[in-house]
Amino acid sequence: MRLYDTLSGGVRDFAPLRPGHVSIYLCGATVQGLPHIGHVRSGVAFDVLRRWLTAKGFDVAFIRNVTDIDDKILIKAADAGRPWWEWAATYERAFTAAYDALGVLPPSAEPRATGHITQMVELIDRLIERGHAYCADQEGNGDVYFSVSTLPEYGKLSGHRIDDVHQGEGVATGKRDQRDFTLWKGAKPGEPSWPTPWGRGRPGWHTECVAMCEAYLGAEFDIHAGGMDLVFPHHENEIAQAEAAGDGFARFWLHNGWVTMGGEKMSKSLGNVLAIPAVLQRVRAAELRYYLGSAHYRSMLEFSENALQDAARAYSGVEDFLHRVRVRVGAVVPGEWTPKFGAALDDDLAVPAALAEVHAARAEGNRALDAGDHDAALTYAMSIRAMMGILGADPLDERWESRDKTSAALAAVDVLVHAEVRRREDARARRDWAEADAIRDRLKEAGIEVTDTGDGPQWSLLDGTDK
């Protein structure tokens, strides 16, 4: 199997550190708000990697973290008048529901940043002792920074020259060099904080992931994955800390492309996001999964309604063939994938080529079925089930088999919407009618209507499905 490694800048042979075992760390969500389809693309892309490695016989340890302490979480929770931990927990559940709705396998472990403060403090202590980190010059303010100039190879992942680096953290009090980045943030009034040898505070984002990677996978592991927007500064700064601490860290760095609209990354700040509930009005969850996973994971996925509907039709074509075989021939169990399918996934997860094999088998299977060759049709159907299962989209899997719009996908949507409905109720309780109306309007833009009834607020999809 060959994978594109961002660090080396090319496709190279993959072999795990331990024969038969693969260790993967995927940067998960910063749980500051509801997920959109751009958020979950990495979950789908690397779920395919995990499924393929498992199908090949590897024992896969797959870690996906939750960033539950962050500047944006604190700001948004404060603006809403809610505890930061409640805010984070609410949207962590929303992300979990979104992953589940799209058939993403649960991770082997899903550590929260706040559960690993001890490991973060120990890591920072090591970096200070080795001369790669320092406490802020202002006595007792609690800030700790990584000294970029102490690591000559800094920038090797992203290609940034060390002299051109700017961390985007503004002019930080006590920072000796503007290229340096934050490891620990000194406590501020009203913010959560933890005790450390250098004062109370909370961790920096980059330190969180290094500590969690090593806590679960060790000082050296196989694959670190995430969106391409994380290459710099996040992943660059992870490498810097790990190597400065004397650890081997990740051997492969994999990065998925963005979901774009009009050539721009899908982002709340740009106002071009597509909420998952809104998309699930147009297509079923399995069809959305198929769409998000159909492009090569490293390519940009430009969203369009036509492309989404094309993907839905392609998925339905596979589904219809399998149903025809089951009705006319009998039970269809997963069989063997084709050699070309396996070769495609072994070539840096070339899902488009793998899907071409699926649709070639469907075409041949339909011809065999129409010709009355039931044995051949069944063989093709069994192969398709195996291939689509590896892609996480087997239409005959019990997860996807219901064609009813009020299936498990809608239950997941309910969890996503509940967080916003609760915020609206809180605003109404404060008699903040403007905020309550704004939340209702945002939900309506996502295709969800909220109606106040004697039994409390009820929401419905605009096609009339009530909850």
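Here the Cβ of each residue, glycine as well, is placed from N, Cα and C on the backbone.
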> In Swiss-Prot, which of the ranges 140-144, 155-159, 195-199, 265-269 has the motif ''KMSKS' region' annotation?
Replying inline: 265-269
> Do any residues of this chain, six or more beyond the ends of the motif ''HIGH' region' (29-39), have a C-beta under 8 angstroms from a C-beta of it, and if so which?
Replying inline: 66-68, 70, 72-73, 76, 87-92, 94-95, 98, 205, 258-259, 265-268, 273-276, 279, 288, 292, 303, 416, 419-420
>> Neighbour count first, Cβ atoms within 10 Å, every protein chain included; then name which of C27, E238 tops the list of binding-site residues.
In response: E238
> For the Zn(2+) site given as C27, C209, H234, E238, which other residues of the same chain have their Cβ within 8 Å of the site's Cβ centre?
Replying inline: W205, H206, E208, V210, H224, G226, L230, H235, N237
>> DSSP-wise, what's the residue breakdown of the motif ''HIGH' region' (29-39) into helix, strand and coil?
In response: 3 helix, 2 strand, 6 coil
